[in-house]
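Q: Mind having a look at this structure? Questions to follow.
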Amino acid sequence: MAGMSLQHPWAFAFGLLGNIISFMTYLAPLPTFYRIYKSKSTQGFQSVPYVVALFSAMLWIYYALLKSDECLLITINSAGCVIETIYIAVYLVYAPKKAKMFTAKLLLLVNVGVFGLILLLTLLLSAGDRRIVVLGWVCVGFSVSVFVAPLSIIRLVVRTKSVEFMPFSLSFSLTISAVVWFLYGLLIKDKYVALPNVLGFSFGVIQMGLYAMYRNSTPKAVLTKEVEAATATGDDDHSAAGVKEHVVNIAKLSAAVDVVKTREVHPVDVESPPAEAPPEEDDKAAAATAAAVAGAGEKKVAA
């Protein structure tokens, strides 16, 4: 790292800044997991973003180890591996049995199976610089596939004309992170680090533009499939919060070459349509409604 700071002082500066931003982003889910710990329940939140984040960090550590002078990638992704492992462990402690089984299977499939296959193929079928090229394009492909995720958020914002699921601070931080890591990759002449962040920067700018466009708009009464699916099972508040948390998780994953995180969110109230009363209950319902209206009128006058 000392050699890098002397030969590429600007690269070292941007890499260090990227480490700081990414580390803060890794710590963003702490309020969420504090809630999980206090309530002894995962509250409908999903484990997928954390498993994918761990896989991403593992990939970039392997890539950095194959190259020289990539200490800055190793440090931040090593920290990411530790933090994401802790998040997943906490999730497994408090998740219901079905969610535990799903998370365990996902870990075995992605972090053991897929990563093991990549490790085996790159070690056996390639060598030297060719191995770095193959793994570099694997990392780029994974990053690009993750960058598709913000499209669902952008579509949701356009459909609902609401920026509830896309806070400006999040979009801004993702854009800055993408710029920093792009400059780092550009200065060290590593296209595999730089290229994915061009797409990340583009999506960040689009999201900030949509925020400026819809921040004062009246949201449409559109119930998305994601929220409908969440509220179909379990508590409305916790399930809706889980959907929002998952959306934010995936958006953050596309911020930098090694980052996928969450932020604390507040539950979204999603009201279910009232069940239609039987015909024989019409008179009772009408009477109850009249009484409620009268009571409300009395309170208003008293106020």
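Glycine is treated like the rest: Cβ placed from N, Cα and C.
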Q: If we trust Swiss-Prot, are His8 and Arg215 on matching sides of the membrane?
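A: According to Swiss-Prot, which assigns topological domains, His8 and Arg215 fall on opposite sides of the membrane.
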Q: Averaged over the topological domain 'Extracellular' (189-192), what pLDDT does the predicted model reach?
A: 92
